[in-house]
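Taking it in order: structure first as structure tokens, then the write-up.
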């Protein structure tokens, strides 16, 4: 890049007429021209990047009578040095023996000079000279070389920082730049200004071979607890061919050490509540960094604190483990505590297991609960939930079964207790015999109602021997029925025998054909009862009607008269009713007596 001045001129020295050609005069002219140009008068500037080619146009109009062109460079307080020559007549190019530009120069036909592989030492003022027979034309160009520095990097980083202590955080380094760049520190994107908590020192190193700069900035920092996870960066600001630019480093976070200010104890369990038999893990922690590694645990029942890591385990805890648990730093400066409740549930069933009682006996039953909280108790019999607790003042067979008293603490998961009472009610066999004629009169059903436990074995006998053809109902609650069928005309004595481990019971029943007459007598009694009931109902209805008519005498004369007539006729109606009913009863009784006499006569004839 080249930058011309607003007052650019063709040359900086006036034209001087030359004497007749002579080598001496030409050399004097060139010398005067060199003296005419002083440092700092360049009209053009070329900006180039380190390592690139430097292109230097001559910026002079080539005269027709040009004899040759030359390039030289000038440095302050040093003599000018010619580096390239090109003849306009012979078309030849010569390069002066200057070590730093050896094999780096190229002078084109239009007298543009190219210098390869730009270096920092190339920052000079180069002058293009065009020489004619009678004039020397010169134009200077200033060369500026730029080199972008490397990305800044934070090195020599501290492994950790401590609060209230000023410590070297690290060094920010940016290498091989030109011109020298400036380093800046940032915390969370904000510039860190030098203070008592942030001391910044910067140094610069120059490579003697290349002339490039390496800048280093060290930061001493006194952190606070709030600097935990803070992001530190640095940047380098430098000038390039196009102006000022900035490159920032990668961010770095530091481990900030600070003392413990608070201790906390925690109970680590799988459930929200603790019950007997559980394991308890106590965790003690401090909010310092690094966190404390050892603590004192204070356990109920232990006279001295227990030194342990951050975890302490209690196994198979009992109810006496309920209490206050504490932990502290080993210097006992900070402490925390918590209350632990170990829940328990006890159940006592009296009696329990298998119990054998006799029917009619009393059996007191109690289910006692002891728990850390209110417990729910319920009873079950044979897998069916009972509405109330069992109470036995007089045991019956139906009371036998498996009784379960169960209790739970609903707020404590998995805490449940139960006990079982297996009640056996025993009894000697009890027998009651009944007989019944079928509705069609085709047979008689003789039943032996048996009670007892263990279940009695039943046997039927008659005058003819053992009866094997029997029927039995299902044995439920210590009861069942054994049945046999006989012909209605049979006269027989039947015996029912029931026997179990406790006793043998025998009962007999006489069955005769006369059982049918008893049925007839029962029917007569039923008819008489019905008739008497009807008579009583009619009498009550008549009295009610008479009372009603008596109250309505005041309505009018005719009504009274009609009411009197009705009342007079009432006894006649009632007497008629009684007479007809009496006739029907006498008739029925007569029929019954006749039937009875006929049966007795038949019985005598059969005898």
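Count begins at 1; order follows the chain as displayed.
Note: Cβ is positioned from N, Cα and C throughout, glycine not excepted.
TrEMBL: automatically predicted annotations, no manual curation.
Since the structure is predicted, the reported quantities are computational estimates derived from the model, not experimental observations.
Under the heading signal peptide, TrEMBL lists 1-42. Residues or ranges marked as domain 'Ig-like' by TrEMBL: 140-253, 259-341, 360-422, 429-507. The transmembrane segment annotation in TrEMBL covers 526-548. Summarising the annotation, TrEMBL assigns region 'Disordered' to 588-607.
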PLDDT averaged over every residue in the domain 'Ig-like' (259-341): 93
For the domain 'Ig-like' (259-341), the number of residues DSSP places in helix, strand and coil: 3 helix, 40 strand, 40 coil
Residue counts (helix, strand, coil, in that order) that DSSP gives for the domain 'Ig-like' (360-422): 3 helix, 31 strand, 29 coil
Helix, strand and coil counts within the domain 'Ig-like' (429-507) (DSSP): 0 helix, 51 strand, 28 coil
Residue counts (helix, strand, coil, in that order) that DSSP gives for the domain 'Ig-like' (140-253): 3 helix, 69 strand, 42 coil
